[in-house]
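I have placed the structure first, in the form of structure tokens, so that the comments after it can refer back to it.
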Amino acid sequence: MEKWDGNEGTSAFHLPEWMIQFADQKQEFNKRPTKIGRRSLSRSISQSSTDSYSSAASYTDSSDDETSPRDKQQKNSKGSSDFCVKNIKQAEFGRREIEIAEQEMPALMALRKRAQGEKPLAGAKIVGCTHITAQTAVLMETLGALGAQCRWAACNIYSTLNEVAAALAESGFPVFAWKGESEDDFWWCIDRCVNVEGWQPNMILDDGGDLTHWIYKKYPNMFKKIKGIVEESVTGVHRLYQLSKAGKLCVPAMNVNDSVTKQKFDNLYCCRESILDGLKRTTDMMFGGKQVVVCGYGEVGKGCCAALKAMGSIVYVTEIDPICALQACMDGFRLVKLNEVIRQVDIVITCTGNKNVVTREHLDRMKNSCIVCNMGHSNTEIDVASLRTPELTWERVRSQVDHVIWPDGKRIILLAEGRLLNLSCSTVPTFVLSITATTQALALIELYNAPEGRYKQDVYLLPKKMDEYVASLHLPTFDAHLTELTDEQAKYLGLNKNGPFKPNYYRY
């Protein structure tokens, strides 16, 4: 141990020689090796794209991983084989997860009680394509309790909880989904939901627009009996508006994504919590002091930025919309172009719903060990295809985590192969999903029961009154007490005492 030396009333501490050398060489941490051998863990490009790994939260039996569910002959306890899941034996575990989710989804449980006698979805045949999680299972079973028949596929190849899919199949729901599907499996599952003898869907619940696209492409005549489409993602809604503009939308559609209860709660509050969960589970990283660039400052971007800022990260934002850009600036974030910060940031997060936001040029310029991930619905935001080239080595580190290694040894950490981070690598808060699922259920009820002519072949927002109803169903959880207008106050504001309380153009 070095000694303190007194010198005219002052003290000095002499650093050991090894510490001085370490300080001089600290920049070496960011330098990368000049050569790298092919490690034993490295996987070929083709392997990396098809390997499937169960999540830490899954009860998947690894001994079954090599066998495709499409090649298995499975039946539930009632003798039905109208499903395709990873392992029907996991149903008991899945049922427990569904029961836990029910406790945090009060509005759906309230809907079941209120509509038990009415059965507002009696006769409805709903084909769905969403994330298959415990929360979705509560929605599906609620739709069933309201009188609907359902067939379901997954909208993401990594987000399915295998045990939940098994529990649904055991309960008699035709479910076609498992974690780690290939692209071919993905479309096969959708087709199995739609193309079945003696069953014609009359409602669509979609997340991302893939199911709607498949029916338009393969079975356009089905739209003659379909009453409406409910879509809950930015990507899917964009596709619907394109169809409407081109005059090709042949049924009414409900844009749930832009309803207040979806956008403000699922997109903002859900992502504010789940971005940290997804990054922690996959990388074990510490956020304090990290430099992060978030591409897009919509509701998802706002949630991600708020969470990372609160954890002490230095956050940059990229944006194309001057209004969202000004919001980012007023919230204390530095607005930049991606090219300006790409060499220095530790994490890149996309939240735009666009394509090729992060290009191969950006990926080439990233620093060693930069983490790259996507919080948008589709896997189009990061140009992952450009990384599947012979000069780059892919190394699977853990479930949904790949190192992509350049010839000079530089590597980036790619999460979920550029797919939706929170649902691929972690979970999302059940209570927020209760809000979204209730909105979806009410949209289905509205479109299914609407009299002829109320909705034309166009895209509609959920009526404001329904948004308020969804919110009111969740307030008792917080022991919250709403103030009621007096007759005089209602007259002064020009409102009905029972709402709606805001005009459609109001920005919450």
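One-based numbering along the chain as shown.
Using N, Cα and C of the backbone, Cβ positions are placed for all residues, glycine too.
The annotation substrate binding site is assigned in TrEMBL to Thr133, Asp207, Glu232, Lys262, Asp266. Feature annotation from TrEMBL assigns NAD(+) binding site to Gly298, Glu299, Val300, Gly301, Lys302, Gly303, Glu319, Asn422. What TrEMBL lists as compositional bias 'Basic residues' is 32-41. As annotated by TrEMBL, compositional bias 'Low complexity' applies to 42-61. The domain 'S-adenosyl-L-homocysteine hydrolase NAD binding' annotation in TrEMBL covers 267-428. As annotated by TrEMBL, region 'Disordered' applies to 29-81.
The CA atom of Lys302 (NAD(+) binding site) is located 21 Å away from the CA atom of Asp207 (substrate binding site). Glu232 (substrate binding site) sits 14 Å from Val300 (NAD(+) binding site), taking the Cα positions as reference. The separation of Asp266 (substrate binding site) from Asn422 (NAD(+) binding site), Cα to Cα, is 12 Å. Cβ crowding, taken as the number of other Cβ atoms within 10 Å, peaks at Gly301 among the binding-site residues Gly298, Gly301, Gly303. One residue stands out among the binding-site residues Thr133, Asn422 for having the most other Cβ atoms within 10 Å of its Cβ: Asn422. Cα spacing between Asp207 (substrate binding site) and Glu319 (NAD(+) binding site): 24 Å, rounded to the nearest whole number.
Each residue contributes its Cα atom, and for Val300 (NAD(+) binding site) and Asp266 (substrate binding site) these two points are 9 Å apart.
The separation of Thr133 (substrate binding site) from Glu299 (NAD(+) binding site), Cα to Cα, is 22 Å.
Summarising the environment of Glu319 (NAD(+) binding site), the number of other Cβ atoms within 10 Å of its Cβ, over all protein chains shown, is 23. Remark: Lys262 (substrate binding site) has Glu232, Val256, Ile435, Thr436, Thr439 as non-local neighbours, by Cβ distance under 8 Å and separation of at least 6 in sequence. Considering only the residues assigned to substrate binding, Thr133, Asp207, Glu232, Lys262, Asp266, the longest pairwise Cα distance works out to 17 Å.
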